[in-house]
Structure formats: C-alpha cells, structure tokens
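Taken straight from TrEMBL:
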DOMAIN    17-132  domain 'Tetrahydrofolate dehydrogenase/cyclohydrolase catalytic'
DOMAIN    153-301  domain 'Tetrahydrofolate dehydrogenase/cyclohydrolase NAD(P)-binding'
BINDING   Gly179, Arg180, Ser181, Ile245  NADP(+) binding site
Amino acid sequence: MSQASTSPAGAGQATIIDGKAFAEKLRGGVARQVDALKARHGITPGLAVVLVGEDAASQVYVRSKSKKTTEVGMQSFQHTLPVETGEDELLDLVRRLNSDPQVHGILVQLPLPKHIDSEKVIDTIDPAKDVDGFHVVNAGRIATGALDRAMIPCTPRGCQMLLQDQLGDMSGKRAVIVGRSNIVGKPMAQLLLAENCTVTIAHSRTRDIAAECRDADIVVAAVGKPEFVRGDWIKPGATVIDVGINRLEPEEPGGKGRLVGDVAFDEAKQVAGAITPVPGGVGPMTIAVLLANTVTAACRQAGVEEPAR
Ligand SMILES: NC(=O)C1=CN([C@@H]2O[C@H](COP(=O)(O)OP(=O)(O)OC[C@H]3O[C@@H](n4cnc5c(N)ncnc54)[C@H](OP(=O)(O)O)[C@@H]3O)[C@@H](O)[C@H]2O)C=CC1
Ligand SMILES: Nc1nc(=O)c2c([nH]1)NC[C@@H]1CN(c3ccc(C(=O)N[C@@H](CCC(=O)O)C(=O)O)cc3)C=[N+]21
Ligand SMILES: [Mg+2]
C-alpha cells in the first residue's frame, strides 16, 4: 500500500504518509468483512459509543466515528449522557451493553468527568467487547506477547500499520516514543517491541528528550503539546509518527482554531525521511482500526473465524 504516500521531492523533503488514504482502504476491507459476516452468518457487528459530558475533542471523534460505523455496514449505538451522570449510572449502562447481544464493541470516551473513576469504568467493560484495548486483560495480553488473543489499542495499532507500510522490517531499529500514557505511549512501546525495535519511552522526567530523539530511526510523538518535537531533534531520514491532536486558539474571534500535532511539522519534514501530517495522519487510522477491532470482536463472540490482522 506504499502508493498511499507521496514520493519525496528530493533531499530535505520527507515523504508525507497519507493516513487518510490508508484508513480509507482499511475501512473498505472492513466493509467487505461486514458483508461476508452478514451473508454467511447473519451477524451485523454493532459498536456502542458512550459519551459523558461535552469534551470538545471527544465530540469531534464521536461524530466522525458514528458516520463511518454505519458507512461500513455496522450498527452504531450512541449513548450521550449529561455531564452530571453518576458513576453508578454509567457502570449500569456498561453492564447492560456487556449483556446486549447486538453490541459487540463498547467504547467509553475518555476523558470522563472528574467525579467518575475511569479505571473502574474500563474494568467493568467485558474484555471481549473492549475495542479500545484499554482493559487490564487486554493490556496484559499485549504485554505478555499474546497479541493474537488481545484487543489492540486503536491508535498504536494504526501507527504500527503505517510504520509497517513505510519501513517493512523494523528489526533492530531504534524507536523513541514521547509519552507514556496507558492509551498511547505504553501500548505503542509493546507493539514496537513486537516489531523487534529497540524501544525508549521518553516522558516529562526524561533528562534530554532532544538527544534521545536524535538517536532514533522512528519517533512517535504522543505528548499532547502542540509542536513539542522540533525539527532539529530528528535524525536525517528518520520516520516520524505524530499522534498529537491539538486545537490552537482561533486567529480571529469566532474562527475555528487550526489543528496541529505534537511535532513541528514544517521543520521536521525538512529532515525526516517520512512523516505523518495532522490532520490526515494517525487520526483517521484510529477510527479505521476501531471498526476493524469491532469486526474481530463480533467474530470471536460468535465463534466464527476472524479476519487476519
Ligand atoms: N490521533 C489519535 O487518534 C489520538 C490522538 N491523541 C492525542 O495524542 C496526544 C497524547 O495523548 P495521551 O497519550 O492520551 O496524553 P496524556 O496526557 O495521557 O499523556 C501525555 C504524555 O506526554 C508526556 N509529557 C507531557 N509533557 C511533557 C513534556 N514537557 N516533556 C516530555 N513528556 C511530556 C507525559 O509525561 P508524564 O507521564 O511524565 O506526565 C505523558 O506521558 C494528545 O495530543 C491527544 O489528543 C490521543 C489519542 C488518540
Ligand atoms: N475511549 C477513547 N478512545 C479513543 O480512541 C479516544 C478517546 N477515548 N478520546 C479522545 C481521543 C482522541 N481520538 C481521536 C481519534 C481520531 C481523530 C481524527 O480522526 N482526527 C482527524 C481530524 C478531525 C478534525 O478535523 O478535527 C485527523 O487527524 O485527520 C481525532 C482524535 C480518539 N480518542
Ligand atoms: Mg485509541
């Protein structure tokens, strides 16, 4: 699928990795799998998304996700709860979704309001329906190398697919991940270990992040700070994956702020061999993998053969 990237125009201009095009193809494959499941087994995969409150980033994600779920022929169940929803009420909803045979995947949008313990909520999701791959059972399976029985977190899996497409064999490559969250940084490290990379995880206590990055053949930025990773941190020819989604302040009142990643793109593209843009890079991959995970979950729950991943 390397044709989903534009070629480098010459030295100093990185290949721009087209995550949007890659994700479109992935969703095309998911749509065919959904058709086959319906025709052969009478199963329509269903994805339930639960949103509590009005976190702006979550709303963007939920809207786009719901549309794409129905586009591939799956059922989309949307549960939008007021911000003052109690923890018990949310846990009850999760339990109902756990036992609903039409629901094969459950995603509870994070972050949750402060009065709700998100760990408790994630613990309550049936690991078989945990299409985010956030449950400790799935995290544990990934950490122990039982990847084929796990649900793999969507964003790291999407990054891994783009890297595989760009680089092929990653054995022995140095990978630096900036960020150690449970939802991106840590599972990303596990997947790159599984690719036989030598993995470093940098975070807010890392002494010299720039120096760590300069050694890396692969840099994955998941910091949550706009344009945090600078161009002069990048080794010439390295592959840069930008997970960050940051909405800048609008330049004029009433305007819509620009979306930027965690990498200073204009700088880094002068040095990198290949780089993902924001938007149009990792974000669309996250949604495509979420849909693929839902098909996998539906197959496992129905006891039918699951598509290769
Ligand atoms: N494209 C997509 O599909 C998705 C995008 N995102 C985006 O990815 C980004 C990261 O998300 P997430 O992992 O949830 O974020 P978190 O806030 O949970 O984690 C951020 C990580 O970055 C580290 N960090 C923060 N500041 C610094 C610093 N100054 N120097 C070094 N490290 C630092 C933190 O370190 P420490 O642990 O020491 O505090 C932490 O480990 C966000 O922009 C988010 O919006 C998230 C999910 C999906
Ligand atoms: N339980 C849970 N699972 C998540 O996976 C999860 C979450 N909670 N909370 C919020 C973050 C964020 N996230 C995004 C996914 C796709 C885009 C995406 O498609 N972005 C488009 C642009 C969208 C735009 O234009 O605003 C792009 O990058 O091209 C963005 C953000 C998933 N998250
Ligand atoms: Mg994710």
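The backbone N, Cα and C atoms fix where each Cβ goes, and this holds for glycine too.
Per-residue confidence over the domain 'Tetrahydrofolate dehydrogenase/cyclohydrolase catalytic' (17-132) averages 95 (mean pLDDT, predicted model). A coil conformation is recorded for Ser181 (NADP(+) binding site) in the three-state DSSP classification, outside any helix or strand. Close to ligand 2, meaning a Cβ under 6 Å from one of its atoms, are these of the binding-site residues Gly179, Ser181, Ile245: Ile245. Counted with DSSP, the domain 'Tetrahydrofolate dehydrogenase/cyclohydrolase catalytic' (17-132) comes out as 61 helix, 20 strand, 35 coil. Each of the binding-site residues Gly179, Ser181, Ile245 was scored by how many other Cβ atoms lie within 10 Å of its Cβ, and the smallest score goes to Ser181. The Cβ neighbour count for Arg180 (NADP(+) binding site), using a 10 Å radius and every protein chain shown, is 17. Summarised by DSSP class, the composition of the domain 'Tetrahydrofolate dehydrogenase/cyclohydrolase NAD(P)-binding' (153-301) is 57 helix, 26 strand, 66 coil.
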